[in-house]
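Student: The following block contains the structure, expressed as structure tokens.
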Amino acid sequence: MMRPGAQQYVVARPLYSEESFAEEHEKVYRQRKTMLDHFVQLGCCCLKRAKNAALSLLPIIGWIKIYKLKEWLFSDIVSGISTGLVAVLQGLAYCLLASLPPWYGLFSAFFPVVIYFFLGTSRHISVGPFPVLCLMIGSVVTRIVPDEGPPLNITGFEGLTSDEQRVLVASSVTFLVGIMQLAMGILQVGFVVMYLSDTLVSGFTTAAAIHILVSQLKFVLGLQVPGLSGPFSLIYTLEIIFNKITSTNVCDVVISLVILVVVFIVKEINERFKSKLPVPIPIEVIMTVIACGVSYAFDFKKRYGIEVVGYESPMAPNLPIFQETAVEAFPMAIVGFAVAFSVAKVYSVKHDYTIDGNQELIAFGVSNIFGASFKSFAASTALSRSAVQESTGGKTQVAGLISALIVMIVTLAIGFLLEPLPKSVLGAVVIVNLKSMLMQVREIPYLWRRDKPDCVVWLATCVAAVLLGLDLGLAAGLGVELLSVVLRVQFAFSCLFTLILSLMSMIDKDEESYRAMQPNMFGDCGCLCPTCLQIYEPDGVMIFRIPSPLFFANIEFFRSKLLEALGFNPLRVLRKRNKALRRIRRLLKKGCLQWTSEGFLNTSFGPIADSKEEENIKELDLPTDFKDLPARINWNAELPANIVVPRVDIHSLVLDFAAVSFLDISALKGLKTVLKELIRIEVMVYIVACDPYVLQKLHDCCFFDDEVQSSMFFLTLHDAMLHILEKHPEATERKADFGKVTNCLF
């Protein structure tokens, strides 16, 4: 029964197969541009193309024209100052992750921001050091210039101190990262970040947060721990820390604990009362200034042996050789861009403007190339810093430019005042800012309940990145993610639910709707009762839905599950029938059988022995031939001479191709083989909702012949069902047997 207030619709149109629809409606072909047309269009120059090119390469032209000076400038100034103070502190702190002198972090918070101001398409992200990227740079730096032992033999290291060598390595990696990002942007391959799913990025950043936490323990505890890189470096680092735990500097621990507690509490206050506070309390900056003053007043460096930041002026750039860092630079380029693009996309949706992924690649590429020339390291965006810029009212990248000016003032004018700042303070600040990344572990129960393959990707990426390092971990996570996609397509849902793969048609008499038969399907009364559902299925008809593309890896799986749903193997049935025909012909020839109006009559008084003649398997696979028999044989009726052939109760099979977006040559051959086997045992096959691209490919590949014809394709499932019921009026409808129903999702 219809529920009260339900709307109805009535459609009256002819029954269409693909052939009849194509005959009645002329297909409109869109003219496609050739490669030559693209080159000609690329080479032509006009005022409009020049204007579009300028707007594309310099997005600042687009938004500066609509800049509301009176409404936006003050908000951008407030946001810029707040973000600049945070950028100064994070620049110093995150530099420790890169195993570099802290002051070089300020360069990364200044030079890339200036370039992004002109080239970037996002108006709200704060460009600068990103902890995960800093850690990846640090692994390269410590591999080439280790804390203990000589550095690698690289040209350009002569006459340089250890810190200068490390800065040289970091700037070279950054320069190479910038070149890769710029090249990807020019080649319009920004789509590569689509392969980094949110699940993979979440697992990867969680692992990176664990690495960062371990790397900062040496500063928090005041220990001398060499920087390690490579597989299992985290475990080796923890081992060294535990061995040296008795040498912990108590003053460093006390300072770190105080900073951790105070900063954590104030950050929670900022989060809870963010709607009431005009700007977040810059607690990191406040605590840094206080710690710096206390350290200077009590001379922590001499009295307690605390390691402090120190200060040095910027140095002229010196480009290194890229050969040793090329492999590590590529994942840095991808991760840096992926994180920045993800954050930019969130803010672009929130504030209703568009961003261009390829232009973002160009912007970050040029920013990193320019910054590397001034000894900065790879830049991306820090989530917390971008949140500060947006939440304090930032409207455009004018706020970013002002934050860069704040960093420049600190670097050139008052930076020396931070010289007595204990590194344990920076370590504590870094650890506090890891909260959001570490809390991503709460996603595991949700993913396990909702999507187990995604949960496996998360866990595999996180564990691999923790144990093998961030670069190898990212590669391993990407491999697991792609493998999960292949397995989902190859085995579809059966690999998840271990359900028998069959999809039976269910026709509601009143509404003529088709649904998957499932044991958990409920009627209007909330119970599983055929009376409420009024579900019937035509006798001898089966509908099998294929919810994935068909290709070489899953065609055999498709075949096996289709046969499982049918309940018989059509090739075996065909061979049994051909064997039976041979035997019937022999018996007729010998006179042991006679044809009467009532069927075959056994004229032999004794038992009929089986023939032991050799059988030609190839002949058994051919279509059944009744031309020399007096009549066609009803294979579902009782056969003479104790001949037994498997019973086939299905006369029509409908394959729903709605989800088949493509098929390759292997799948095409496998599909044709299955169709021929079914047609030869008198099971008519109908394919519905086939994509025009797939249908055209079938024509181009000479898929159709005398047996497999294009007339089997219908526009919709209902068209095919009406055709079947018209062709088989004897297919009386019977109520579905819920006791035999199994859920099928291919």
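The backbone N, Cα and C atoms fix where each Cβ goes, and this holds for glycine too.
The shown structure was predicted, so the numbers you read here are calculated from the model rather than taken from an experiment.
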Student: Transmembrane segment per TrEMBL sits at which of 55-72, 361-378, 631-648, 649-666?
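Tutor: Spelled out, TrEMBL records transmembrane segment over residues 361-378, not the other listed ranges.
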Student: Under 8 Å, at least three CB pairs between the transmembrane segment (361-378) and the transmembrane segment (456-479) (pairs 6 or more apart)?
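Tutor: Counting Cβ pairs under 8 Å, fewer than 3, so no.
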Student: Among the recorded stretches 200-221, 241-265, 456-479, which has the greatest number of Cβ pairs closer than 8 Å to the transmembrane segment (127-146)?
Tutor: 200-221
Student: Six or more residues out from either end of the transmembrane segment (241-265), which same-chain residues have a Cβ under 8 Å from its Cβ atoms?
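Tutor: For the transmembrane segment (241-265), the sequence-distant neighbours (Cβ-Cβ under 8 Å, at least 6 residues beyond its ends) are 214, 217-225, 283-284, 287, 291, 300, 304-306, 422, 424-425, 427-429, 431-432, 435.
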Student: Would you report the average pLDDT that the model assigns to the domain 'STAS' (531-724)?
Tutor: 81
Student: Six or more residues out from either end of the transmembrane segment (103-120), which same-chain residues have a Cβ under 8 Å from its Cβ atoms?
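Tutor: Non-local partners: 57-60, 87-88, 90-95, 126-129, 167, 170, 309-312, 314, 359-360, 362-364, 366-368, 370-371, 374-379, 397-398, 400-401, 403-404, 407-408, 410-411, 415.
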Student: Which sequence positions outside the transmembrane segment (329-349), separated from its termini by at least 6 residues, show Cβ-Cβ distances below 8 Å to it?
Tutor: 121-125, 127, 130, 132-133, 136-137, 173, 176-177, 180-181, 184, 190, 192-193, 196, 198, 201, 204-205, 322, 355, 357, 360-361, 364, 368, 378-381, 383, 386, 390, 470-471, 474-475
Student: So which residues does the transmembrane segment (73-97) touch in its own chain, when a touch means Cβ under 8 Å and the partner is 6 or more beyond its ends?
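Tutor: That would be 103-109, 126, 128-131, 134-135, 137-138, 212, 215-216, 219, 279-280, 282, 284-285, 288, 309, 377, 382, 384-385, 388-390, 392-396, 398-407, 410, 418, 421, 423, 426-427, 429-430, 433.
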